[in-house]
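Structure first, then comments.
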Amino acid sequence: MTDKYCVIGNPIAQSRSPEIHAVFAAQTGQDMSYERCLAPIDGFADTIRRLVAEGYKGSNVTAPFKLDAFRIATRLSDRARAAGAVNTLAYRDGEIFGDNTDGAGVVADIVRNAGVPLAGKRLLVLGAGGAARGAMLPILAEHPRTLVVANRTRATADELVAQFASLADGCSLSACNFEDIAAPFDVVINATSASLGGTIPPIPAVTFCQDTLAFDMMYAKNPTVFMEFAAAHGATTRDGLGMLVEQAAEAFFVWRGVRPETQQLLKDMRSKL
Ligand code: NDP
């Protein structure tokens, strides 16, 4: 019997996940379906109950339900617990397993796809919301030398750094304000939602140099304002399309135990943006 999966959000029409998972399923010969599921804003738990009753095997979860998914999970992966948010649910053995593959997606895209190892590097994360939180554990697992979190609301960055202090394992972990940045970083990850509004956090030009990889979690047909600013100051840039595909590949692996190939899909999606 075909195993059923879906992506849950509100709105959901914009989600690229069905086309990504259809390619993964065809490529790996998995008998599964994957559709969009619009959940009412106040009806996430009811939606999950219905999906479980109908025999679904799992779901991806997107805005605004990643916290609801965290709360409804009866078992969590370490990375979901650390992130405080869930983007992947698996319904199996009578439980709702919650995982978070967003951070693994960022790291896979930077390390594997862009070919930039993070070990021993100086990293700057801009933002301290859900996406930044989700990236912390996977980034620390790569053993960077320095990890600085800068956020508009300084207290949120301080809390994030305090939460992960015991997991830093030799990495110098600290928080700062955007305007405090005084020297270039090897990798700068924009995990703010500023790009959605066409703005950039007020970071100084000195944040970037010729050796910097500037990564924006957002993606669009054209480079984001953050990418343009970073490129103007010498950095190599990368958007969040690869992260999207890699977090999906990681979710696919959680569900099916098979790791799909991502490079051709990424090229095809890029050409259709
Ligand atoms: P949250 O709402 O949880 O966090 C938003 C963050 O952005 C906060 O740190 C907030 O700061 C900061 N921020 C918002 N507006 C501004 C601004 N104008 N200037 C400076 N900082 C700002 O969002 P998420 O963490 O869920 O998402 C962040 C980004 O990551 C989004 O663009 C999203 O699309 C992208 N994303 C991409 C994915 C992919 O697969 N490519 C997956 C997940 C997310 P403050 O604390 O001060 O409010």
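Even glycines carry a Cβ here, placed using N, Cα and C.
Annotations in TrEMBL come from automatic prediction, not curation.
Lifted from TrEMBL, the feature list:
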type	residues	note
ACT_SITE	LYS66	active site, proton acceptor
BINDING	SER15, ARG16, SER17, THR62, ASN87, ASP102, TYR219, GLN247	shikimate binding site
BINDING	ASP78, GLY127, ALA128, GLY129, GLY130, ALA131, MET217, GLY240	NADP(+) binding site
DOMAIN	7-89	domain 'Shikimate dehydrogenase substrate binding N-terminal'
DOMAIN	117-195	domain 'Quinate/shikimate 5-dehydrogenase/glutamyl-tRNA reductase'
DOMAIN	240-264	domain 'SDH C-terminal'
Please identify, among the recorded positions LYS66, GLY129, GLY130, GLY240, the one with the smallest Cα-Cα distance to ARG16 (shikimate binding site).
GLY240
In whole Å, note down how far the CA of GLY127 (NADP(+) binding site) lies from the CA of ASN87 (shikimate binding site).
19
Neighbour count (Cβ, 10 Å) for ARG16 (shikimate binding site):
16
Please tell me which one of the recorded positions listed here (LYS66, GLY127, ALA131, GLY240) sits closest to TYR219 (shikimate binding site), measuring Cα to Cα?
GLY240
To the nearest whole angstrom, state the Cα distance for the pair ASP102 (shikimate binding site) and ALA131 (NADP(+) binding site).
7
Considering only the recorded positions SER17, THR62, LYS66, ASP78, which possess a Cβ situated under 6 angstroms from at least one atom of ligand 1?
none
Summarise the model's confidence over the domain 'Shikimate dehydrogenase substrate binding N-terminal' (7-89) as a mean pLDDT value.
97
